[in-house]
Structure formats: structure tokens, C-alpha cells
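Engineer: So that we are looking at the same thing, I have put the structure below in C-alpha cells.
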Amino acid sequence: MTERKEWADLLCCFVSTTTTTTTTTNGASRLRDLLENVLNEDGLNWGRVITAMIFALDVRVKLHESQTSQENAICSELAELMCVIAGRWLLRRRGWSGMIDAAEPSILVTVVDIICLTSVTGCGGDLTAPSGGPVTSPNYPSNYGNNENCEWSITVPEGSIIRLTFDSFYTERNYDFLTIYDGASDNAAEMGELTGEYWQISPIISTSNTLFLRFTSDWITSRQGFQFSYISRAAGQCWDPGVPTNGNRDNNSNFTSGQTVRYTCMDGYQLWGTANITCQPNGTWSGAAPTCEVTSGTGCGGDLTAPSGGPETSPNYPGNYGNNENCEWSITVPEGSIIRLTFDRFYTERNYDFLTIYDGAGDNAAEMERLTGHQPHISPIISTSNTLFLRFTSDGSASYQGFQFNYT
């Protein structure tokens, strides 16, 4: 995408009121004219951010000012574009499926009063709206640069607290860090120092109306980085802690200080975590909401012969599997059928603990996949016959939650 320096000076953003629609056969020039007219009519200047909504499926947009300065993108239905006018035309990636050359877009463009800076891909900034995001590391979702030193200051109205959440986080472990401070600068108490790859990060909640974040990277290896958002609310209240899948709770609305939420799980599922959590005066819960995990299929392998089955899990799931595991699953369905294997979760020690999937009745068959690490989304795996063979192995050191799969 774009160099971070071109994004560092974004000033404002806009959300919908004024609406103009255009279907063009010359995407670059017609869209440029349209947006420039809207800017002029509203008295806005270059360097502002405009929100545009795509309302046609598989819309391609190409914006450029010259042959040497251009960006291309592809968006899906109702994906949000961030079009930046700063000497050249740029497109802000958000939920896009890829990048291609194309034209003839159908675009709904909306512009209104200045609200806040809600999407930042530069290196740091001052965030003063009651809520904001997504905010990202430089060049996200591509890799950030070496020797980064970025600082974000979040300030919300007095009497409020801040809830910081992460959509993704992947940095070079033990070398590239995001440090979060509970106040207006790095003189405040440190709330967390994040490094490496995280499957899930619990929300971080301030004790006042300010947070300070600093990201630093070293001089070599870089990764994708991170994306976060924040919201605020009056102190003395907690955010809705949620209801676990396959679970229930007894308090669905009162989340003020001192109130307790009690969780239970449906039949066939076990509660994993704390059953009762209480809203504390600082706006945090006394513990994380539990999960409800299946109570069956926690052994080490087995022969599966039903036409469909699952969930099957790694040993001790949802707890960590053990060291030196060697588990094998054989799946056999009726002759003339094929198997579709899907994963609900997958988290093992990257490059050391593996689940290998073979397209047949044993490990002599063709290898289809060799999974390791944190895999948030695994595409369904489909056999070519009525058998699949799976082997899970772990080494003698670190272990993680493991995996859960189903088949049909």
C-alpha cells in the first residue's frame, strides 16, 4: 500500500449526511471530480479524510493523478473506503479482499461535519474523540518498518474511562514492543507490554480519561503489526462482559459497580474459567467471562466412523495439551463419500507442534496440510476419498490450547 509518511498528517474524518451517487465509466477522473466538488461545496481542504460506502458487489476503484502515482483496490458489498486527498490519491484498506487494476465503479459518497480522526496508519497521533479506530501500526496490514518509534495519546472527556481492544497483534517477539501506560505519558503506571503474536488480547481499561501507547521496533525483522480501537464511558460502570457460546448468564442489563454476573453452561458443555464475576469501582470486572467447552472428545486420537462427527479436540482442550504428544485420528465414512474437515480453533507452538492431515487411511497417503501456530481462519479441508488420517505431535517444551475440529 502506501508509505507511512504520506499518512502521518491526516487531520480529520467525516461521517454520513451529504450524499452523492455516481456510476462512472471513467473511474479515476469522474470520482476525482465528484469528490473535489463535494470538498469545494463544503469548504473543506486537501489533506482531509472522506468516508465512502461501496453499494455494488465486487466494485473496483482506481484513483490516480499521474501514471507514476496511483493506487488500486477491490472492495466487497458495503465495505468502507477511506479516500485521502493529500497531493495524490490514496485508498485506505479496510476489509478489502485484494488489489487489482480496474475501473467503472458505482460509488455512494458521503461527507459531513468534522468528527474525529478515526483511521490512522501513520506513526502515532493524538486521539481525542470519545471513541475511535481502527488505529494501526505503520503500513498495516503490511509489515511495519525497522527502528519505529510511535506514540499515541488517547484523551476522552473528564469523568470517563477508556476501553482499548485489539483486532490483531503480531510483532517480532522480545524485540518489538507496544507498551501501554495508564495515563497521559510514559510517566504513568505501565498497564501492559505486548510483544509477539496474540490469538486474543483481553480489553485494557484505564483508570482515568487518558491512555498513552508507545510502539518501538528494532533494526531487523518486522511483522504485520497491530490494529486497535477504543471506546469510553462514565466511570463506575462496566462494559457488557458478553455471554459465552453454549452458555447463559443471570444478569443481562445491570453492570454498575458492585453488581455480579453468574454464568452457567448448557448440557454437554463444561464451564472453563470463573462462574461469577463482579463489576469493580474502576470499571473492570473481577475476572474474564468464562467459556463453555464441549465435554467430549478430549482424548488423544481415535477411530471415527460415523458419517459426521465432532467436535474432536486435542488432549486436555480447552486447557493446554501436554508435551511429547503423539495422537492419531482415523476418519472413515461410507464408500463413495468424501469428507469435509473444519476447525473452530487452532493454536499450537509455532514450528514445533504440528497437526498433519493426510488424504487417505494412513500417513502413506498424500499430505494435505501441516498446521502449526495460531490459525484464526482455516479453510475447510476436503478429502478426495472416504478416508482422512490426522496426526498431532508436540515437542518437549511449551504447549498451547490446541485445536477443535468437526467433520461432515
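Note: Cβ is positioned from N, Cα and C throughout, glycine not excepted.
Features from TrEMBL:
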type	residues	note
DISULFID	C123-C150	disulfide bond
DISULFID	C265-C292	disulfide bond
DISULFID	C300-C327	disulfide bond
DOMAIN	123-233	domain 'CUB'
DOMAIN	236-294	domain 'Sushi'
DOMAIN	300-408	domain 'CUB'
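Help me understand the surroundings of these features in the structure.
Structural biologist: Of all Cβ atoms in the shown protein chains, 20 besides its own fall within 10 Å of the Cβ of C123 (disulfide bond).
Its Cβ taken as reference, C265 (disulfide bond) is surrounded by 21 other Cβ atoms within 10 Å in the chains shown. Secondary structure from DSSP puts C265 (disulfide bond) in a beta strand.
In this structure, C327 (disulfide bond) is part of a beta strand by DSSP. Over all protein chains present, the Cβ of C327 (disulfide bond) has 18 other Cβ atoms lying within 10 Å.
Counting residues per DSSP class in helix, strand and coil order gives 0 helix, 55 strand, 56 coil for the domain 'CUB' (123-233).
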Engineer: List the same-chain residues at least 6 positions away in sequence whose Cβ sits under 8 Å from the Cβ of C292 (disulfide bond), in sequence order, or say none.
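Structural biologist: Set apart from C292 (disulfide bond) by at least 6 residues yet with Cβ under 8 Å, we have P244, T245, N246, G247, C265, M266, Y269, Q270, L271, W272.
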Engineer: Ten-angstrom check, please: count other Cβ atoms within 10 Å of the Cβ of C150 (disulfide bond), all chains counted.
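Structural biologist: Total other Cβ atoms inside 10 Å, all chains included: 21.
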Engineer: Express the distance between the Cα positions of C327 (disulfide bond) and C150 (disulfide bond) as a whole number of Å.
Structural biologist: 45
Engineer: Three states by DSSP: which one describes C300 (disulfide bond)?
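Structural biologist: Where C300 (disulfide bond) sits, the three-state DSSP reduction gives coil.
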